[in-house]
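**Student:** In case it helps, TrEMBL gives these features for our protein:
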- 5-138: domain 'MARVEL' (DOMAIN)
- 143-290: domain 'MARVEL' (DOMAIN)
- 12-29: transmembrane segment (TRANSMEM)
- 41-63: transmembrane segment (TRANSMEM)
- 75-99: transmembrane segment (TRANSMEM)
- 111-128: transmembrane segment (TRANSMEM)
- 140-166: transmembrane segment (TRANSMEM)
- 178-203: transmembrane segment (TRANSMEM)
- 215-236: transmembrane segment (TRANSMEM)
- 257-280: transmembrane segment (TRANSMEM)
Amino acid sequence: MAIVLHSSPLLWTRVAALVFSCVAFSVAVHGGRLYHGTGDWCIFCWAFSFAGTLLVFLVELFGLQTRAPVSWKNFPITFACYAALLCLSASIIFPLYFLKGSSSPNETRDFRIVSTVFSCLATIAYMSEVSISKARPGEVAGYMATAPGLLKVCETFLACIIFVFISDPVVYERHHALRYCMSVYCICFILSAAIILLCVGEFTGCLPFPFARFLSAYALLAVVLYLSATIIWPIFNFDPKHGGNKDRPYGCSSMMGLCVWDKLMAVAVLTAVNFLLYLADLVYSTRLVFVSA
């Protein structure tokens, strides 16, 4: 089996991502003394990113792209985008839970600072990989290397974070309007994830309808649904007329991590951000239909 190794910015970016993510989780496991479930999430983010990048690196090193059971035009950049978002989330969550107000020994704190720094470096490396791999104007590339494909990754990732905040503790069962918002998050997440799987698995040609038109129709539906959720969620969580609380509780300032009010606000912000992402997705998808026509 021939080894194919061509020096390029993409290669060295992946090597950097491998090293940075490996150091981040190794140092955290060795001396970080992670006692909270959030630490397990951060370790997963770094370890998963490292393992996936190593897999991509080995497949391309041994020239096995044609034997891979997925579309190699779509898989590497899709994974790199998810890895960038995972490492970014770990870079925010880890110091929030393990450095903010920490009374740990200096040695433990030093380990945690090192993990945070290398997590940020890994995030930059993965973002660089996405920037290098994404399609340029006029270039023939897989759907996931285009702007709408990368937006789908961001949309599903933000939805996953919303699910975490909205279910720990469960905050959507006290009113039907909040349950509606939860259904919006679920429907859009499932459809966006299905589109990603169809592209990575190269199953778009099996659909009984034009894929480009389906993308634009779905993007329009998602924009309408997320617009309604962007309006409804804050009203029923922060308006006193509907049992909400517009002022941040005093006790939130002394809590480690995020209190319930913080999580409700985070969901409101992430909902608005996802609405903007779906709006941009609609613009790109509509252009795709016209270009195809």
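Keep in mind that glycine also has a Cβ here, set from the backbone N, Cα and C atoms.
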**Student:** With a Cβ cut-off under 8 Å, give me the same-chain residues at least six positions beyond the ends of the transmembrane segment (178-203) that come close to it.
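**Tutor:** Sequence-remote neighbours of the transmembrane segment (178-203) are 70-71, 74-75, 78, 142-144, 149, 152-153, 155-156, 159-160, 162-163, 166, 171-172, 211, 215, 218, 222, 225-226, 228-229, 232-233, 236-237, 271, 274, 278.
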**Student:** Can we call the transmembrane segment (41-63) and the transmembrane segment (215-236) in contact, meaning three or more C-beta pairs below 8 angstroms at a sequence separation of 6+?
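**Tutor:** Stretch pair does not touch.
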**Student:** Grab the same-chain neighbours of the transmembrane segment (215-236) for me: Cβ-Cβ under 8 Å, and only residues 6 or more beyond its ends, written as numbers and ranges.
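**Tutor:** The answer is 148, 155, 175, 177-178, 180-181, 184-185, 187-188, 191-192, 195, 242-244, 267-268, 271-272, 274-275, 278-279, 281-282, 285-286, 288-289.
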**Student:** Which whole number is the mean pLDDT over the domain 'MARVEL' (5-138)?
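**Tutor:** Value for the domain 'MARVEL' (5-138), mean pLDDT as a whole number: 89.
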**Student:** Looking only at the domain 'MARVEL' (5-138), what are its DSSP counts of helix, strand and coil residues?
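**Tutor:** Per-class counts: 103 helix, 0 strand, 31 coil.
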